[in-house]
Amino acid sequence: MELCNSTLESGFILVGILTDSGSPGLLYTTISVLYTLALTSNGLLLLVITVDARLHVPMYLLLGQLSLMDLMLTSVVIPKTLVDYLRGENAIFFEGCALQMFLVLTLGGAEGLLLAFMAYDRYVAICHPLNYTVLMRPRICWLMMATSWTLAFLNSVIHTSYTMHFPFCMTRDIRHLLCEIPPLLKLACADTSRYEFMVYVSGSIFLMPSLAAILASYMFVLVAVLHMSSGEGRQKALLTCSSHLTVVGMYYGAAMFMYVQPSSYHSPRQDNILSVFYTVITPALNPLIYSLRNKEVMGAFRRVLGRFSFIQDGGCHIEAL
């Protein structure tokens with residue numbers, strides 16, 4: 001029991017990918033650049049969608065939520081990782097570990113559900129364009145976003161509470177980039193086999209239906225696209241769908257390896273690589289994949305830049321007078 005109390009008082013040590021890397025300096029620089037890219041691209045996309053009224057439609061409102069989730073998810077993990085490396089300290093308090101786990105599970109779970117709703121939005125837009133304004137009216141769009149946050153929040157509360165109630169009386173070293181369920185359970189001095197099975201089942205229930213809905217939506221979209229008479233329209237739709245599926249593959253691939261794969265197949269090195277993938281690589285690439293080839297987003301970006309430059313020029317003109 002003394003060891004348990006010691007863990008509660010002193011917390012844990014995060015032995016992440018920077019600590020175990022053979023070239024931590026290069027990896028630190030890479031993660032810093034990706035984090036800066038994630039902040040900049042998601043922040044700009046969120047700003048453009050918020051400011052430009054022409055983008056206040058379901059597709060872009062959902063995309064704005066995705067940017068918000070990515071912005072928050074990467075900021076929950078990466079700044080601490082970078083600062084800890086510079087300071088040479090990797091400690092995290094027990095309460096901080098619980099909070100980090102709760103936020104990552106909430107944001108990650110909400111993003112998984114949101115990707116399914118975004119796939120449904122594209123299915124309705126391409127396969128039922130005449131009914132789009134009815135099937136994706138604002139009330140339904142906001143309900144989708146609220147559902148993503150609510151279900152993810154409830155799932156996160158349950159798992160965080162249950163995981164952190166175990167007595168941690170083994171080593172304080174978490175061989176992982178952040179506080180997550182699989183590496184933390186390895187430190188517990190109680191039998192966690194039943195809970196590990198529950199994590200596997202709940203992970204499957206949470207991820208598999210969403211993934212199945214996404215694949216079904218895009219299958220119908222692909223069939224509809226192949227029957228398009230316009231070659232240009234077909235190419236545009238295929239590019240959009242392939243970009244979205246790339247995002248889905250990155251997110252769900254990492255999540256399934258982490259939460260659906262049996263614990264006996266987990267290794268610290270593999271888990272660390274996966275954690276970098278969904279905490280910084282995916283958030284950095286998502287806004288580029290969704291908006292780089294989107295003429296409406298790029299046009300809105302130019303309008304917002306023009307508006308800010310006009311305000312700045314007007315202010316300078318007034319000062320000159």
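The backbone N, Cα and C atoms fix where each Cβ goes, glycine too.
Non-local neighbours of the transmembrane segment (26-48) in the same chain are 17-18, 55, 63-64, 67-68, 70-71, 74-75, 78-79, 81-82, 85, 276, 280-281, 283-284, 286-288, 290-291, 297, 300-301, 304; each lies 6+ residues outside the stretch with a CB under 8 Å from one of its CB atoms. Among the features that TrEMBL reports, transmembrane segment is placed at 26-48 (among others).
Note on the domain 'G-protein coupled receptors family 1 profile' (41-290): its mean pLDDT in the predicted model is 87. TrEMBL lists 41-290 with the feature domain 'G-protein coupled receptors family 1 profile'.
For 60-78 (among others), the entry in TrEMBL reads transmembrane segment.
Outside the transmembrane segment (98-120) by six or more residues, the chain places 59, 62-63, 65-66, 69-70, 72-73, 76-77, 80, 92, 144-145, 147-149, 151-153, 155-157, 159-160, 163-164, 178-181, 184, 206-207, 210-211, 213-214, 217-218, 244, 247-248, 251-252, 255, 278-279 with a CB less than 8 A from a CB of the stretch. Among the features that TrEMBL reports, transmembrane segment is placed at 98-120 (among others).
Note on the transmembrane segment (140-158): residues 58, 61-62, 65, 101-103, 105-114, 117, 202, 206 of its chain, located 6 or more positions outside it, place their CB under 8 angstroms from a CB of the stretch. Taken from TrEMBL, the feature transmembrane segment applies to 140-158 (among others).
Per TrEMBL, transmembrane segment is recorded for 205-226 (among others).
As annotated by TrEMBL, transmembrane segment applies to 238-260 (among others).
Summarising the annotation, TrEMBL assigns transmembrane segment to 272-292 (among others).
Here the transmembrane segment (238-260) has long-range neighbours at 108, 111-112, 115, 118-119, 122, 180-182, 199-200, 203-204, 207-208, 211, 214, 218, 221-222, 225, 270-271, 274-275, 277-278, 281-282, 285-286, 289-290, 293, meaning same-chain residues at least 6 beyond its ends whose C-beta is under 8 angstroms from one of its own.
Packing against the transmembrane segment (60-78) from elsewhere in the chain are residues 31, 35, 38-39, 42-43, 45-46, 49-50, 100, 103-104, 107-108, 110-111, 114-115, 117-118, 121, 141, 144-145, 148, 177-178, 275, 278-280, 282-284, 286-287, 290-291, 296-297: each is 6 or more residues past its ends and has a CB under 8 Å from a CB in it.
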